[in-house]
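These notes are about the structure you will find just below.
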Amino acid sequence: MDFSDKLKKHLLFCSLFLQFASGFYLPGSFPHKYNVGDQLSVKVNSLTSIDTELPYEYYSLPFCKPLEGVKDSAENLGELLMGDRIENSPYRFKMHVNESELFLCQTNALSADESKILKERIDEMYQVNLNLDNLPAIRYMNKDGFFLRWTGYPVGIKVKDVYYVFNHLKFTVLVHKHEKSPTMPGVIGAGDGVELITTEDKSVTDAPGYIVVGFEVVPCSFQHNIDLLKNLKPYDKYTAKINCEPATVAAVVQEGKPLVFSYEVNFAESDIKWPSRWDAYLKMEGAKVHWFSILNSMMVITFLAGIVLIIFLRTIRRDLARYEEIDKEAQAQINEELSGWKLVVGEVFRIPENSGLLSMMVADGCRILGMAIVTILFAALGFMSPASRGTLITGMLMFYVFLGIIAGYVAVWLMKTLNAGNTNGWLSVSWRVSCFFPGIAFLILTVLNFLLWGSQSTGAIPFTTYIVLLMLWFCISVPLTLIGGFIGTKAPHLDYPCRTNQIPREIPSNRFPTWVLVIGAGTLPFGTLFIELFFIMSSIWLGRVYYVFGFLLVVLILLVVVCAEVSLVLTYMHLCMEDWRWWWKSFFASGSVAIYIFFYSVNYLIFDLKSLSGPVSAMLYLGYSLIMALAVMLATGAIGFLTSLFFVHRLFSSVKID
């Protein structure tokens with residue numbers, strides 16, 4: 001490669017960097033310029049409904065099909081797991097060319113099954129999802145004085161026991177004139193074949209071009225005249241005027257009668273620039289309440305946790321100071337007057353029951369927590385924007401797989417610590433932690449997938465995707481977990497500062513079960529995230545776009561701090577009550593927040609998803625909610641346990657041992 005080629009590539013890199021910096025484009029995305037008359041292709045996604053949460057293929061209904069046949073668009077792993085099925089559609093536009101009364105197709109006479117399925121989809125309020133240049137079709141409407149926005153449009157409507165289909169679509173495409181800096185060279189090609197085009201090339205700079213910044217749709221039900229359809233081919237002009245009035249319906253769904261589809265398109269120039277074209281989709285109702293409630297929760301919880309922490313530290317420092325001041329002869333007498341945490345010095349490091357299971361749960365919790373932090377951080381930086389469908393789920397899965405090395409390391413290190421440096425069985429521990437949570441999640445997903453297969457829903461995970469998931473699990477996650485476990489055998493473990501008695505000390509009886517405190521402690525972490533949880537649930541189940549990942553990152557950090565503080569306080573309280581069985585209780589003191597999250601999910605199902613119908617839909621909702629609750633329990637439990645472990649180790653390392 002000579003000097004000129006290197007210079008070209010250097011200039012190319014600089015131009016791409018300047019383009020990104022000046023336009024504030026999301027990483028990995030760029031505007032697509034269309035010249036006047038260029039063909040625009042509309043794509044369709046799966047039919048979706050809030051009523052059932054079961055997506056179905058668009059062409060499972062008697063709709064028009066493309067002349068070139070139905071073709072699947074490239075889908076990433078996240079789109080497949082979310083049930084998205086992107087396919088081409090028969091709708092065709094020409095850039096900046098307004099067209100009206102375009103005949104699309106006339107279906108065959110509806111059979112009994114087709115008529116029945118279409119009516120069922122109308123009853124279940126299924127929506128048709130279209131997108132143009134990666135922008136979903138958006139629909140605006142006024143209802144009861146409120147201005148509402150929806151993505152997609154309904155299949156049809158039922159009026160007085162009569163079913164009508166929306167068979168005429170009025171599209172509005174908002175475009176913005178392509179803006180190009182006169183000092184920036186153009187870029188053509190990719191890889192080694194890239195070339196720079198200077199502004200002296202008039203054929204490039206002077207060509208008019210537009211970028212798509214908005215895509216709106218208005219559905220109508222119009223009764224076409226069958227006699228006027230004779231000899232009409234797709235995309236021919238319908239000879240009569242079509243008045244698109246959303247408030248009136250006319251196209252009846254009737255067995256033995258065909259359906260006629262048509263559309264019109266209008267292009268309008270807009271001041272919206274390409275980096276801002278997603279603003280219409282990211283507007284969430286109640287945004288002020290969203291920000292104010294979360295900020296208020298953060299301030300209150302931080303204030304309360306700070307007070308508890310200050311009192312907590314003062315108490316410990318006072319106890320330590322008094323223990324250091326007395327001599328050995330007076331320690332036995334002073335122990336009766338002070339808090340009882342020093343009385344369990346010979347029991348506090350006794351190996352807990354089911355220590356192997358505890359190691360696995362803490363290790364997998366660390367992996368889930370790491371995955372959450374990295375995923376939210378990348379999303380906050382714009383690498384996983386709503387414009388890139390499926391990237392969030394794909395990123396979460398990839399980060400979880402590659403962070404298996406952390407899970408293996410933590411599991412073996414913790415096992416080594418619990419067994420006073422013994423590393424026998426590290427391979428078994430690493431193998432089990434690599435299969436623990438993935439195995440539970442895979443089992444639940446398989447059961448749910450059988451339900452989706454039985455319902456013939458596109459939400460079912462394809463068999464090939466199952467193979468990909470298994471390969472990611474056993475070919476990447478498991479080896480990385482084993483490598484992490486091997487590294488954990490070489491890492492130094494925590495040496496216990498005191499010996500463990502051969503005979504366990506009797507635990508004094510309490511007025512009420514200590515597990516009540518453990519379960520009740522989960523209310524404080526839940527208070528930090530329940531507002532954010534509402535918006536996340538609305539995004540998942542009500543089709544809203546969630547985008548405030550920066551705020552979510554702050555809430556996650558706050559949650560980590562609160563979980564650590566809650567577990568510390570509960571562990572100290574148990575030690576003061578001479579209850580030396582703190583291991584599992586420290587895990588569930590913060591991990592119990594998952595109980596409240598699952599109950600909140602059930603409450604959300606009953607009161608916010610009232611329209612959710614059918615046992616399959618309810619099973620899907622509860623199944624996914626269970627996976628989410630388990631993941632939160634492991635992550636928050638790992639925070640609480642590790643914090644308590646280091647605290648207890650530090651506490652008993654700071655006192656004089658008799």
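Cβ coordinates come from backbone N, Cα and C, glycine included.
Caution: TrEMBL annotation is automatic and unverified by curators.
Taken from TrEMBL, the feature signal peptide covers 1-23.
Taken from TrEMBL, the feature transmembrane segment applies to 291-313 (among others).
Sequence-remote contacts of a segment are chain residues at least 6 beyond its ends whose Cβ falls under 8 Å from one of its Cβ atoms, and for the transmembrane segment (368-387) they are 26-29, 134, 278, 281-282, 395-396, 399-400, 403, 406, 437, 545-547, 549-550, 552-553, 556, 560, 631, 634-635, 638-639. Per TrEMBL, the feature transmembrane segment maps to 368-387 (among others).
Annotated transmembrane segment per TrEMBL: 393-414 (among others), in sequence order.
According to TrEMBL, the feature transmembrane segment maps to 435-454 (among others).
The transmembrane segment annotation in TrEMBL covers 466-487 (among others).
Summarising the annotation, TrEMBL assigns transmembrane segment to 515-541 (among others).
Residues or ranges marked as transmembrane segment by TrEMBL: 547-570 (among others).
The transmembrane segment annotation in TrEMBL covers 582-602 (among others).
For 622-648 (among others), the entry in TrEMBL reads transmembrane segment.
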Considering the transmembrane segment (547-570), which listed stretch of 435-454, 515-541, 582-602 counts the most C-beta pairs under 8 Å: 515-541
Distal contacts, the transmembrane segment (435-454) - CB-CB under 8 A, six or more residues away: 54, 360-361, 364, 368, 460-461, 469, 473, 477-478, 616, 619-620, 623-624, 626-627, 630-631, 634
